[in-house]
Amino acid sequence: MDEEHLRTLIRTIVRETLNPNLVPIGVSNHHVHLTEEDFQKLFPGQKIEMLKKLRQHADFAAKQTVDLIGPKGTIEHVRLMGPYRSHSQVEIARSENFTLGIDAPIRMSGDLDGTPSIKVRSPYAEIEIQGVIVAKRHIHMSLEDAKRFGVKLGDSMQVEVDGDGGRKTIFDDVVARPREDFVLEMHIDTDEANAANVGLGNNSFGKVIIKKKN
């Protein structure tokens, strides 16, 4: 176990002891997941390189970035995420639909049927990917967390966030995503974070106020 994961474990134990309903918040900026095949098309002969580990132990931000090219505009220097995925996927904020000129739906990761396509450009090549979404807010959690909250995969939760400057916000329909290797963390995008005045650091928390909604 490396130092960062040890710190995460210590923070988790302390938090769950003091307030078991608190959930760390991770703010997801726009990013791209690629299959190994699509990565090789964009970065021939290269390997995806780790820039920074993320809270979910298998995931990392890569050194490589790409540009997203839509019918109306371009978003440059969009970070790739590793490891490789079985399907390529682009995640943006809702407001970035207007920049790009597309209409990406709010979906869970991997739910790509009927999603728009977009051109993805690297310094070496350009490809078109079908699979642009606005990620639906969700909570990664271990199986033990799910048992503690009384939820299962796909259940809807409600989380209260005390943003800076008195911007208390209640996020409804937060999807539970339990898995054995997941670490407790709520994911929201930059639009949602801005609305609640939540920072991009690792010190923001939400409080689960309704553990399960039918």
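Cβ atoms are placed via backbone N, Cα and C, with glycine included.
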Have a look through GLU91, GLU96, GLU126 and flag the one Swiss-Prot assigns to the Zn(2+) 1 site that HIS31, HIS33 belong to.
GLU91
When the Cα-Cα distance from HIS187 (Zn(2+) 2 binding site) is computed for each of the binding-site residues HIS33, LYS72, GLU91, PHE98, which gives the smallest value?
GLU91
Give the distance between the Cα atoms of LYS72 (CoA binding site) and GLU91 (Zn(2+) 1 binding site), rounded to the nearest whole Å.
17
Taking Cα-Cα distance, which of the binding-site residues VAL27, ARG85, PHE98, HIS138, HIS140, ASN194 are within 10 Å of GLU91 (Zn(2+) 1 binding site)?
none
